[in-house]
Amino acid sequence: MTGRCLIKYSFTPMMTGSQVRRRFLDFFISKGHKEVHSSSLVPANDPTLLFTNAGMNQFKDVFLGVEKRDYNRATTSQKCVRAGGKHNDLENVGFTNRHHTFFEMLGNFSFGDYFKKDAIAYAWELVTSPDWYGMQQDKLYATIFKGENGVPRDDEAYQLWLDVGVPKERVFEMGMKDNFWAMGDTGPCGPCSELHYDMGVASSDKKNPECAAGECKFPCECGRYVEIWNLVFMQFDRDASGTLNPLPKPSIDTGAGLERVTAVMQGVVSNYDTDLFTPLIKRAAELTDVDEKREEAKESQSKSAASLRVIADHSRAATFLISDGVIPANEGRGYVLRKIIRRGIRHGRLLGQNKPFLHDMVYAVRDLMQDAYPELKETADRVAKTVLAEETRFANTLDIGLKKLDEDLASLAETTRELGRLSWEEPKPVEFALKEVARHVFVVAQMLSPGMTFDTPGHGFLLRRGIYRAWMDLKAVGLDRVVRLSEIAEALSEGETGRVQSVAKNLAHTKQILDAEQERLQSASSQLEFELDAMEAEKKLAENPEMLAEQVREVFGPALEEKVINELRGKLQSRPVYSGDKAFKLYDTFGLPLDFMVDAARDQGIEFDQAGFDAAMESQRETARASWKGGSKLSASPIYRELAEELGTKPYPGQLAGGHPMITPQSIFVGYTSTEFKGATVLAIISNGASVAQLAPGDVAEMVLDYTPFYSESGGQIGDTGWLYDSTGNTVVAEVETVQSPVQGVRAHKVTARQNIAVGDKLNAVVNADVRRATMRNHTGTHLLHAALREVLGKHVKQAGSLVDPAKLRFDFSHFTGVADEELQDIEDIVNKEVLKNDRVEVIENVPIDVAVNEYKAMALFGEKYGDRVRVIKIGDFSTELCGGTHTLATGEIGLIKVLHEGSVSSGVRRLEAVTGENSVRHFRKDHELEGVVSTIVRPSEGLSPAQALKFELDRREEEIKKLRKELEQSRMKSASSAVSSATESAREVKGIKVLATRADNIDRNQMRTLIDNLRSKLGSGVIVLGSVQDGKVALIVGVTKDLTSKIQAGKIIAQVAKHVGGSGGGRPDMAEAGGKDPAALDGALNATYGIVDSLLS
């Protein structure tokens, strides 16, 4: 099957993806549905979801009965992401035809209005009518719930499908796994029906000859039969005991994947071959310099084709996630976004594109999807800059991660160097290779016995070729750095035959040649092929190597073979393992791909701890889940939802337009215009997650009142504090610490009781007015700052979070670089001019959301959930936002706004902190006091403010300190160099090699390396071990001159020396480093060096 498989259907001409989306919405509008715009990918006020992953998410509270809309039929095309948590399609994306991280879910919904009959009739009409989709009826299959686990079969749906015209042989029964839906362990649930389309050909690996021949039957899972629509019939309410109780108003929730429906309408097997993706794949091919047409002619599962699909998909997900306010981070949603971006970058690298490119894909996504999602026109530049920043960051961290991986693997390989790629569980290929090594070494030893060299005509080629083949066979099993060829020659020399004895007589010369050539091969392996090609010309002079091979076989007895194999096998007993935890840190921190690390470890013969990696990954996922599930807010435990249902509903005092009351639990906020309410009734008391009847003095609990002036924490503004008085208003019965809304409409007051309080008591609620006023100043100031930031920095600035309390305001916003001091000054000047204008802060209640956004041009705040009607805060012509918080009556009440700090929160997100009112005055008073102190330290310079004069003096002194520090380091280096150089005279000879072990304290590693190089030059040939103590830590460096690395390696020396100071280390044969924890043991470690070298040489 080729990459693009076309199937000719009768419904032509081909419908575009945009037309498929629009036609779905128009069909349901014609059936009395309201078109509702897609909600954000960041679920509002739903801690159970990482991302919006279904069309019904934005209607969840409507289905649960805690929210009322002014329509009971809706249709949407909902943006969805499944790349984390329960629904995680990330690893499959690009390698299958229908997995995506970002997708659109077409849906129609009924909130207690029509039910199964109309839902099934609508679905069938839309997909089969020539006026709409016009799919071939004989290609469609329906499924129903067959009945399972005590839940009856959905006979009604079965009959309804027959009634609309589906033959009974194409209506199939499925179990609870496929055809029963539930919102959770308890709550709304019900059977569902699916529509599947026969694509005519299999499209997955799960196929047999019947599938390949197109003879398989529904519901074969080979990919031939594609689910295009799921109709959920919410007709039950499952209680805690598992009993299914009929819902008084059954509802409908359907979902049809736009990408799948479009594939059917365009006659292609793969979603990636639809016009929803092909422009993106084409752009990805251009940016990665891949011949996309050539790849299309190949198998669709080719690596290049898969990588292009990954880039196309991930660019969609990244564009929409960032557009909706998600920023790359190391936890929660930001972490998933970072993984998506980095996976896209990695697949670009697999295609040979190592430069930033993914940010360019953002504009391709915008051009393709801006008609359906016009917000992309405004956000594209911001999104592209965020992706580019992440690409740059990833490139930097990748280099650091690769270096760290090399260090980790080198440290492991120092103990047992590069163990075999072939496992000892497969002895035959390993033993065969080892025997070949021994055979080649024996042949070389025989040739060297008469004094032959590499310069000997003809035979010189055979000699070098024989060593090369021995080395390559050794390398094939990963032992080229474990075993010396000279060791094998020595083992071969211990035999009884005359030929073996002849090898023994010339063993020293043989070992010297083998060591030198192996060292050359190790260090210059990249040039080998060139060198060997140059030697091909000498082949005609060579003697027949087969003759020597026959002689080897005559004398190569089983005992000797076994001896060599056993010797090598003994070196393989402790196979090193690369820690999965370490690998995950590189994956998580530096973005190193898992398969890259596995391959790198395997290439060096090191086992990879996959189980440890998986455990670390799962631990991180748990942390990520926790990071987005909640914070300081009260958990929405079942008690609050039960309370909302128990309390019933009550019309809000200000009814909505058209006479529709806002249905909400009996917990009404009346604090916009007053900070007191007399006669509030205690509706419920919650203590430790359970409902209680009363509180005693000192008890801490949450209390729900029917009417309250206390603002509940929302939109970044903290909850009010204050007091609850008895009905006389004279006695405080409880202190209110904060107020939160665990479920919509229920305002839970966290209180500490001073008197006995019982459910049903009448109390007077009084907000701390001073704290409220300070909070209001900061909240209105936040709106002014938001508008000023957009004016100074650009319209890409959007709120990314906020905190408003009485002491200060904190505002997080999208921006890519630090805000310059001059820009901060401009922002501060602009907002204070608005304060001085004393403009009225206009509050406009119950505005239809579309009017607020399109006519008032109100800005919606990040992460907030809005209903059909909203509250607009308008400050002159300067700022208009959707906001439910409390505000000053006019800007003049703010007094003064002072910006305290601006800094980075994460990539692409900045944070600004400021104070208003009395706190601004306090800040200026502190500044004035500081200026007085500065004037006593720094002599004021002409034209400089005290702050500027202080900065000038600090900069001057910092430069002076840097100069003195440099002079001190140079002095230390000079002193250490002099002392160490004089110590060369005390170098000892160990088995004919000069060895110097000395210390030079209070110098850094770079200086130590310089000393090592100087000492090696001075000694000419030898081993140097240098130790140093600085800041209570031991540093060790070993240097071996090049001429000695075949006999003794720096890494082996340092491994043993470091043990004496409680450390470890590794490195190259000529240079190795280590650290240690025991400074007192350094002298002993250096003294032990000579014995260690002697032992290693033995």
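Glycine is no exception: its Cβ is also placed from the backbone N, Cα and C atoms.
Features reported for this protein in Swiss-Prot:
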- His779, His783, Cys883, His887: Zn(2+) binding site (BINDING)
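Its own atom aside, the Cβ of His887 (Zn(2+) binding site) has 24 Cβ atoms within 10 angstroms in the protein chains shown. DSSP assigns Cys883 (Zn(2+) binding site) to coil in the three-state reduction, placing it in neither a helix nor a strand. Within 8 Å of the Cβ centroid of the Zn(2+) site, not counting the listed residues His779, His783, Cys883, His887, the chain contributes Met776, Thr780, Thr782, Val841, Ile873, Glu881, Gly885, Thr886. When Cβ atoms from all protein chains are considered, those within 10 Å of Cys883 (Zn(2+) binding site) total 25, not counting its own.
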